[in-house]
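These features come from TrEMBL:
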- 21-40: transmembrane segment (TRANSMEM)
- 82-104: transmembrane segment (TRANSMEM)
- 123-271: domain '3-oxo-5-alpha-steroid 4-dehydrogenase C-terminal' (DOMAIN)
- 125-144: transmembrane segment (TRANSMEM)
- 156-173: transmembrane segment (TRANSMEM)
- 216-241: transmembrane segment (TRANSMEM)
Amino acid sequence: MIIQNPAGDCVQLYSDITYRIALVIWFLSALISFFTLAFLKTAPYGRHFNTHSNLLSNYTMRTDLAWILQESPNLIIPPMYLYFHSHCFHFTSSSGLLFSLFFIHYFQRTLMYPLLMKSPFKPTPVFICILCLIWCTINAFLITKGITFTDSKPRDPIRVSFGILLWTIGFYINMQSDHILRKLRVTDTKNEYLIPHGFLFEFVSCPNYLGEIIEWIGFAIAAQNVYAAWIFAFWTIANLAPRAIHHHKWYLLHFTEYKSLHRTALLPFVL
């Protein structure tokens, strides 16, 4: 909790310890999510969606609308927080760069990605959308709080530059991979999944996930002492690494020729 005294200065009341406890809980939640998705349950959306998997799966909504709704906190919470707490911190150039990376990614993910979908009417479970909405709300707040919380501490410009470079590489991999997947939808009149080819798809089944993981690792390196950014990177791995493995197994199950392509799930020649 942050209040302003009569002199106009900001006074923090137990916010430091509360924020750190929240980060610990958020990290433990990521660990639970990883083990759940890796060993117990495949997230039931996209190609793994099955209306008969459980009762909650019977309630669905359009995929494009689900994406816009669930990702929207990433575009709403940071500017709201910065507006209402602008008097409580000094905004630095490195913080501006971090927020720029965050907004570029989520502008594309929240608005451009769903608008470019070739199958926007495909169903997404409402409960999945709600879970993602809650997740994005918490994560956006913790990231924003973390960047402003450490704003007074100098960041190494070399690490910032390297992190931004890594983020840019990951962003390009993610965008190019999504473009290839969208092109498959144009040629697929039956709205069925096909084997993608070209770019990093020649090495792994899910280069789009690999790109996003690289993005947020780069973001965390640039953020340096923003622990929320490192937990965010771990969350990304916890969600996308198991899903990449499930995608890879799905390709092997549905395409007899897929094994001969000698691809791995996520990391070329490794995983």
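Glycine too: its Cβ is placed from the backbone N, Cα and C atoms.
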Worksheet, complete the sentence: For the transmembrane segment (156-173), the candidate among 21-40, 82-104, 125-144, 216-241 having the most Cβ pairs under 8 Å is 216-241
Worksheet item: Could you give the number of helix, strand and coil residues in the domain '3-oxo-5-alpha-steroid 4-dehydrogenase C-terminal' (123-271) as assigned by DSSP?
Response: 108 helix, 5 strand, 36 coil
Practice prompt. Could you tell me what the rest of the chain brings near the transmembrane segment (21-40), counting residues at least six beyond its ends with Cβ under 8 Å?
Written response: 138-139, 142, 146, 227-228, 231, 234-235, 237-239, 241-243, 245
